[in-house]
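Undergrad: Take this structure, written in structure tokens, and hold onto it; I'll ask about it next.
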Amino acid sequence: MGIKQLFSIIKDEAPAAIKEGDIKNQFGRKVAIDASMSIYSFLIAVRSDGQQLMNEAGETTSHLMGMFYRTLRMVDNGIKPLYVFDGAPPKLKSGELAKRFQRKQEATEGLEEAKETGTAEDVEKFSRRTVRVTREHNAECQKLLKLMGIPYIVAPTEAEAQCAVLARAGKVYAAASEDMDTLCFHTPILLRHLTFSEQRKEPIQEIHTDKVLEGLGMDRKQFVDLCILLGCDYLDPIPKVGPSTALKLIREHGTLEEVVEWMKADPKGRYQIPEDWPFEDARALFFEPDVRPADDPLCDFKWEKPDIEGLVQFLAHEKGFSEDRVRSASIKLQKNMQTSQQARIEGFFKVLPKTEEEKKAHKRKLEEQAEQKRKKVKEEKKEKAKLKAKPRGA
């Protein structure tokens, strides 16, 4: 899931784009969270015996436990979360989904074998691979969020794309997801590790897209082309093209069209482009995803007072959670929801959008940087060729 090796490229090539900090640094901010990715992470938090958390009736409760307590943690730290759920996947994603299903089938068989003959580590490994977020998981989490007074929306297709739209429109400060492809949908800021458990002690990663483009010396189209070449959910990667090669090819040729033409004309025949590789369609899904516009009435979010008795009924009486813990946590939620109405100081000042002239100047700057990097790559290539052609001992 996501873009292969993208974070390592950003870390190496555009380190200024990444900030790491404590969850408290996000106080007073609204954040759009990729719900499906979060639920998946809650479900794979299995115990050492390979079993998910269940109640006495044998019903899985890992997703509810994670959603309830991780959301409480965010509100405790002054964050106003809203969740975005996946809708129907784009048709181009069907191949990736089929492969995921096949891997889960194989993992299920591996899990049964591991239970018979394997170690605890094998059982846990295969258990994680069999996890799938179902409609029931989503429906129960949506019910829980409604009782908590936390807003949510179901995206027409990809949750990450909807999160990015909300962030660009200023409805939220950032999109939160572990999927790096959220950057391809052009969220200004991506937060990672926001829904991780406190015990993992992982800092919140804040990735700024404008700094990513600046560090890479690319415009948005080149960046998306790089991500497609690295391997995304929509297309298989091209064999023998790793992160270093992908970066070099985009810098040298500028676009995927040019890269593909160069590969086809390569006399050494080093690269085999998959027969069905519609990169233009994949690019269009990143640039023109099916999303609700930010001014849609469904995107008018409100954080409500939690229904304490409803939470006790659902989590304690129906799902087997501790009534005392649910009640005390719900009362704390109610109190924190009231105090979270305080805004950050920056919220009092309206951020003026860039003028068209400023946008054009920024685009020119990125294009100039990209051209400089392309020239540098070509010069290095020529220099290597000269050294190679130079006779030994000369």
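The backbone N, Cα and C atoms fix where each Cβ goes, and this holds for glycine too.
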Undergrad: Of the candidates Asp219, Asp225, Asp233, Asp236, which does Swiss-Prot annotate as part of the Mg(2+) 2 site that also includes Asp179, Asp181?
TA: Asp233
Undergrad: Which of Asp22, Asp34, Asp210 shares the Mg(2+) 1 site with Asp86, Glu158, Glu160 per Swiss-Prot?
TA: Asp34
Undergrad: Which one of these stretches, 260-268, 296-304, 314-322, 341-349, shows up in Swiss-Prot as region 'Interaction with PCNA'?
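TA: Comparing 260-268, 296-304, 314-322, 341-349 with Swiss-Prot, region 'Interaction with PCNA' matches 341-349.
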Undergrad: Between Arg70 (DNA binding site) and Asp34 (Mg(2+) 1 binding site), find the distance joining the two CA atoms and give it rounded to the nearest Å.
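TA: Asp34 (Mg(2+) 1 binding site) has its Cα 13 Å from the Cα of Arg70 (DNA binding site).
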Undergrad: So which residues does the compositional bias 'Basic and acidic residues' (356-383) touch in its own chain, when a touch means Cβ under 8 Å and the partner is 6 or more beyond its ends?
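TA: Counting only partners 6 or more residues beyond its ends, the compositional bias 'Basic and acidic residues' (356-383) has Cβ contacts under 8 Å with 210, 213-214, 217-219, 222, 248, 251-252, 254.
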Undergrad: For the binding-site residues Asp34, Arg70, Asp86, Asp179, which Cβ has the most other Cβ atoms within 10 Å, all shown protein chains included?
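TA: The most densely surrounded of these binding-site residues is Asp34.
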Undergrad: Which Cβ among the binding-site residues (Glu158, Glu160, Asp181, Asp233) has the fewest C-beta neighbours inside 10 Å?
TA: Asp233
Undergrad: Cβ within 8 Å of the Mg(2+) 1 site's Cβ centroid: which residues qualify beyond Asp34, Asp86, Glu158, Glu160?
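TA: Other same-chain residues near the Mg(2+) 1 site: Ser36, Met37, Val84, Ala155, Thr157, Ala159, Ala161, Gln162, Cys163, Ser177, Asp179, Thr182.
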Undergrad: How does the model score the region 'I-domain' (122-253) in terms of mean pLDDT?
TA: 92
Undergrad: According to DSSP, collapsed to three classes, what secondary structure does Asp181 (Mg(2+) 2 binding site) have?
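TA: The three-state answer is helix.
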